[in-house]
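Visitor: One structure, pasted below without further comment.
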Amino acid sequence: MNGLFITFEGPEGAGKTTILQAAADQLTKNGHSVLATREPGGIEISERIREVILNPSHTAMDPKTEALLYAAARRQHLVEKVKPALEEGKIVLCDRFIDSSLAYQGYARGLGIDEVFSVNQFAIGSLMPNVTIYFDIDPEEGIKRIDLNDAREKNRLDLEKLHFHQLVQKGYEEVMNRFPGRFRIVDASQSVELVLKRVNNIIEEALKENQL
C-alpha cells in the first residue's frame, strides 16, 4: 500500500481526539491527502456498533462480547474506509485501533492480550499501523479532564472505576513492550500546543522515513 497508517492511542481523557484533528488540518494545509477517522466508528455500520458498545445502560455486556464487537466494527471500518484510503496513497490518522482492544479487553478485562490479538488478526489480517502515537497521562488526570468537559457525553468506559483505567494504562505498557518499534510516546499532560508540536514532529519523521 502506498499510504501511511498512523494510529492515536491512549487512556480516556488523554486529548488524542483533539490533537488528531489539528494534526490532520496541518497535513492538509501542507498539501497532503488525509483521512481522519475513528474507532469504533468511522462508517455507518461501525458507528451503529459503537452505539451498542458504549451505551452506558449496557453494563451487563460480557467482556468477550465487547471484544468481538470491537473486532467486528474494526473489520468493517478497515475494508470500507481505511484500506481504500491507503491504496489511494492517503495519510490515515485513526483515533484508536487494535492496541485499544489489547489494552482494554486483553489486559484490563482480563481476556488475555494473546487471545484478543488472535481475534483481531482474523479481523484485520496482516495490516498494522506504520506508527502508533501513545498519549501518556495519569489515569486520575484523564478522569478529571472528562469530568470537567461538559461538552463530552460520558460513555460506558468513561464511567468505569479508577482501577479499570489504571489497568488500561498497564495494558498499554505491556502492548508497547511487545511492539516497541512502532510506538512513539507523547506526554499528554502538557499543553495542547506542546503536545501538537510533538505529534506533528512525529508525523513529519514518519513521512520522511516512508518517503512521502
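Note: Cβ is positioned from N, Cα and C throughout, glycine not excepted.
According to Swiss-Prot:
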type: BINDING; residues: G10, P11, E12, G13, A14, G15, K16, T17; note: ATP binding site
Visitor: May I have the list of same-chain residues other than G10, P11, E12, G13, A14, G15, K16, T17 whose Cβ is within 8 Å of the Cβ centroid of the recorded ATP site, in sequence order?
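Guide: Here the nearby residues are F135, I137, G142, R145, A188.
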Visitor: Give me the count of other Cβ atoms within 10 A of the Cβ belonging to P11 (ATP binding site).
Guide: 27
Visitor: Ranked by the number of other Cβ atoms within 10 Å of their own Cβ, which of the binding-site residues G10, G13, G15 ranks first?
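Guide: That would be G10, with the most Cβ atoms nearby.
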Visitor: Determine the Cβ neighbour count for A14 (ATP binding site): the number of other Cβ atoms within 10 Å of its Cβ.
Guide: 24
Visitor: Sort out the sequence-distant neighbours of T17 (ATP binding site) for me: same chain, 6+ apart, CB within less than 8 Å of its CB, listed by position.
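Guide: Looking at Cβ-Cβ distances below 8 Å from T17 (ATP binding site), excluding near sequence neighbours, one finds F8, R38, D95.
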Visitor: With every protein chain in view, what's the tally of Cβ atoms within 10 Å of the Cβ of E12 (ATP binding site), excluding that atom itself?
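Guide: I get 22 for this one.
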Visitor: Around K16 (ATP binding site), how many other CB atoms lie within 10 A of its CB?
Guide: 26
